[in-house]
Amino acid sequence: MLNKPVLVESLIVFVIVLFVHAVVWDRYSWCAVALAIQAFYVQFKWDRLLQLGGAVFQFRTAANSGLLPASMVIPLLGIVMKERCKAAGIVYFERFGIVVASTGMLVALFLSVIAVGVTKPVPTNTCILTGVAGSIIIYTMKHSLTVSEVIEVLEVLLIFVYLSMILLYLLPRCFTPGEALLVLGGISFVLNQLIKRSLNVIEGRGDPIDFFLLVAVVGVVLLGLFFTVLFLFMDSGTWISSLFFHMMTAVLGLGVVMPWLYRLIQRNPLFWLLQFLFQTQTRVYLLVYWTFLAASACGVVFYQNAKRASESKKHQASTITRKYFHFIVVATYVPGLIYDRQLLYVAAVLCLAVFIFLEYIRYFRIKPFGQTLRHLLSLFLDERDSGPLILTHIYLLLGMSLPVWLFPRSCAPKGTLSGAGALVPYSGVLAVGVGDTIASVFGSTMGEIKWPGTKKTFEGTMTAIFAQIIAVALILIFDSSVNLNSSYAWILASVSLVSLLEAYTTQIDNLLLPLYLQIMFMA
């Protein structure tokens, strides 16, 4: 029996795909539509495998596979990036967009083939659809990509295969198949880009903040893999292991990551970072303000834990309490987007590295703070944190930061895109910081009419749409660089579709919603 919420979620994704390709229809649109149709069918095979326990790895059980919404994100991002850079006349990034789209399609197709291959009996109709979609995608790639671009796409696919086998085995129940596709596909692409740029370093070529992002992401992932394998053979909770952890972190950071970054930016990374952070008075003010907000967030954590200690019954943070952090993040990102986006870019990278490093300390019980972090953060767990890692706060940071990191600066002549594209860096603020927060708060306190088959309410969704429209009006008032050029109907349609997706998806909305809103704005 088909799951009605999954059908509605799939319908919303199909509408988004058709909306995007109504604007940017070309040969890649046929590939995207074929991929969406086959992902829709394969998604139900994945759901059946998860229900019967027939999947190769252990996935998060409180959600469906999420294959269709996840499969379309990277291809659509590549397609809209290609169109924006083509309009700006930037050939290099136009080709880059084509590579991104092709990589996303091939990785999604690979995940579909796995599901079809392990399903017994073999689903004939789904196999035919997958074969047709694969043929269309490969034929288009053959006539669109150069030999070097084909090799690059295959490199990312190979990295994705190996990362999937390693991380899904080491981190059971942390992802759904769709979330694994997004997270591991993104890491695979970043790793391949870092290797490619490291082998072809040209002095003065490339923005140092882009290199900083690539090295930071790959550095923390490799650090985690190293210690995960190491602590399979030794107890991580002892003082000797903890001392070794800190020493090896310093060795890998100073002996591998720093020289790697030095090779890319051709200057001392620490001196460059300090000079960058304190370059202007505005940046100093922003850093002081962000430090205050970080202290406020820590204060919320300590207060809620003190409240738990004073109560005899088991205390768990409510939905409204968890949304405090959304309000703090909005207060963090909006001034950065208005006054200094480059500083926000670098600060978000630093914050991501710190979050992941603290999660390593918590997960491995590294002394002296590992057990304390386990106790403090256990208060804020929800059903999405069913695996050994706590990822919701990292997903929140990623959801707010990805539109800033993925904004095609080189294809924006004056630092901003025209029309709805001017709101691209604000996609995380609107979708997660405003929309998701308001929907949760109003839906849980005032909502009465539930969307069929879900716990989300009609009142919450409508309030979220209204709040995001108000937020867009405020952005227009306070950010003089934003010029929407009468694209208000498209903005309303984009916000409404993403808000409906929030009501029906069981995937990590902090990660999925900003990416879809960014795709709609860039189209």
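Here the Cβ of each residue, glycine as well, is placed from N, Cα and C on the backbone.
These numbers come from a predicted model, not from an experiment.
Here is what TrEMBL says about this protein:
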type	residues	note
TRANSMEM	12-41	transmembrane segment
TRANSMEM	61-80	transmembrane segment
TRANSMEM	122-141	transmembrane segment
TRANSMEM	153-171	transmembrane segment
TRANSMEM	211-233	transmembrane segment
TRANSMEM	240-262	transmembrane segment
TRANSMEM	282-303	transmembrane segment
TRANSMEM	324-339	transmembrane segment
TRANSMEM	345-365	transmembrane segment
TRANSMEM	386-406	transmembrane segment
TRANSMEM	426-446	transmembrane segment
TRANSMEM	490-517	transmembrane segment
Contact call for the transmembrane segment (386-406) and the transmembrane segment (324-339): at least 3 Cβ pairs under 8 Å, seq gap 6+: yes
For the transmembrane segment (122-141), sequence-distant contacts whose Cβ falls under 8 Å of one of its Cβ atoms, 6 or more beyond its ends: 27-28, 30-31, 34-35, 37-38, 41-42, 45, 102, 105-106, 109, 112-113, 116, 150, 153
Distal contacts, the transmembrane segment (426-446) - CB-CB under 8 A, six or more residues away: 319-320, 323, 326-327, 329-330, 333-334, 337, 396, 399-404, 456-457, 459-461, 463-465, 467-468, 471-472, 475, 495, 498-499, 502-503, 509-510, 513-518, 521
Sequence-remote partners of the transmembrane segment (324-339) [C-beta within less than 8 Å, at least six residues beyond its ends]: 282, 286, 289-290, 293, 296-297, 300, 347, 393, 396-397, 400, 404, 425-426, 428-429, 432-434, 436-437, 478-479
Distal contacts, the transmembrane segment (345-365) - CB-CB under 8 A, six or more residues away: 209, 212-213, 216-217, 219-220, 223-224, 227, 231, 236-237, 241, 245, 249, 273, 276-277, 287, 290, 336, 371, 373-374, 377, 388-391, 393-394, 397-398, 400-401, 404-405
